[in-house]
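Can you keep this structure in mind? I'll have questions shortly.
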Amino acid sequence: MNNIYVLIIDLMTAKSDLRLNYYSESCPRAEEIIKEQVNKLYHKHGNTAVSWIRNLFHDCMVKSCDASILLDKTKEQTSEKTSQRNFGMRNFKYIETIKEALENECPNIVSCADIVALAARDGIVMLGGPQIEMKTGRWDSKDSYLAEVESFIPNHNDSMSLVLSRFNSVGVDTQGTVALLGAHTVGRVHCVNIVHRLYPTVDPTLDPDFAKYLKTRCPSAEPDPKAVEYARNDHVNPMVWDNLYYKNIMSNKGLLIVDQQLVSDPTTYPFVEKFAANNSYFNDQFAKSFIILSENNPLSGDQGEIRKVCRHVNK
């Protein structure tokens, strides 16, 4: 029995071999290079910082933090990028910019999964959010999980109980889920995901003046998915990381149904109140939940690989 117990512990350790400073010997400047590239890209294309955060959410929620979200569609391979749940995601090409910089420094060492994680961490800081200490050592998947995306990533109009259960399945509790949704304080939402709250009649839970503003951003009940038609999550400070998101939804100024449900659901509203009242508390709780999500079910070396190019599996 003891031998079996030791074997189980060994297998668990092998599967989750994440640690701080994983690349300290194999690629000492790895994290510094990622931070440098995130900084450069942010100053050229400010929206990349938001993209990095969304990448991590959409990658880590589906089975593992394994960069499966980055894989392109090929004759042999489906792509999670084509899922409706991942509608509007962009800037994937700049992940390759970061990867190239790492490959020039230390070839075949740093995983794309760790790039996704560390770029998200550094993107949060660029937007004014908390500094988060993060473990590394993730491996890249050899497969895409398109068929399973909708079973893992909640939709913006799902019930709050379903949203909470999806996050709970990766170890994030109710308070943590409310904190993670606070990432909606930055970035934007395409009109495709908003118009059902505006047309043919305005959702009564929307602030009337805010609804008028949204109609100026989304004037058609049938927006073109390929057009650049969107509204900002926070139209006052759209690219600043703060707790204004919670204050907005308490004033019925949330863009998505899931935002409004945080206020209407009695299990989540107390945390909305706490985060609206205390920005530091929000940042602390976000950081804790972000770490939990970023460490979801990491692959071991025999399960994954270190891709040379993030959008393709190795040949």
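Numbers here mean position along the shown chain, with the first residue as 1.
Even glycines carry a Cβ here, placed using N, Cα and C.
Because TrEMBL annotations are produced automatically, they should be read as predictions rather than curated entries.
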Cys27 forms a disulfide with which residue in TrEMBL, given the options Cys106, Cys112, Cys191?
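Out of the candidates Cys106, Cys112, Cys191, the one TrEMBL links to Cys27 is Cys106.
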Looking at the disulfide bonds in TrEMBL, identify which of Cys60, Cys112 pairs up with Cys65.
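So the cysteine that TrEMBL bonds to Cys65 would be Cys60.
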Which residue in the list Cys112, Cys191 does TrEMBL annotate as forming a disulfide bond with Cys310?
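TrEMBL annotates a disulfide bond between Cys310 and Cys112.
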Give the distance between the Cα atoms of Glu80 (Ca(2+) 1 binding site) and Cys310 (disulfide bond), rounded to the nearest whole Å.
14
Nearest of the recorded positions to Asp242 (Ca(2+) 2 binding site) by CA-CA distance, picking from Cys65, Asp66, Ser68?
Cys65
Rounded to an integer, what is the Cα-Cα distance in Å between Cys191 (disulfide bond) and Cys60 (disulfide bond)?
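Checking the Cα atoms of Cys191 (disulfide bond) and Cys60 (disulfide bond) gives a distance of 26 Å.
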Applying the rule Cβ within 8 Å of the centroid of the Cβ atoms of Thr185, Asp234, Asp242, what extra residues of the same chain belong around the Ca(2+) 2 site?
Gly182, Val186, Asn233, Asn237, Pro238, Val240, Trp241, Asn243, Leu244, Tyr245, Asn248
Hey, which of the binding-site residues Ser68, Thr185 is the loneliest by Cβ count within 10 Å?
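Looking at the binding-site residues Ser68, Thr185, the Cβ with the fewest others within 10 Å is that of Thr185.
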Between Cys310 (disulfide bond) and Cys106 (disulfide bond), what C-alpha distance do you get in Å?
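Counting only the Cα atoms, the answer is 15 Å.
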How many other Cβ atoms are found within 10 Å of the Cβ atom of His58 (active site, proton acceptor), counting all protein chains shown?
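Result for His58 (active site, proton acceptor): 21 neighbouring Cβ atoms inside 10 Å.
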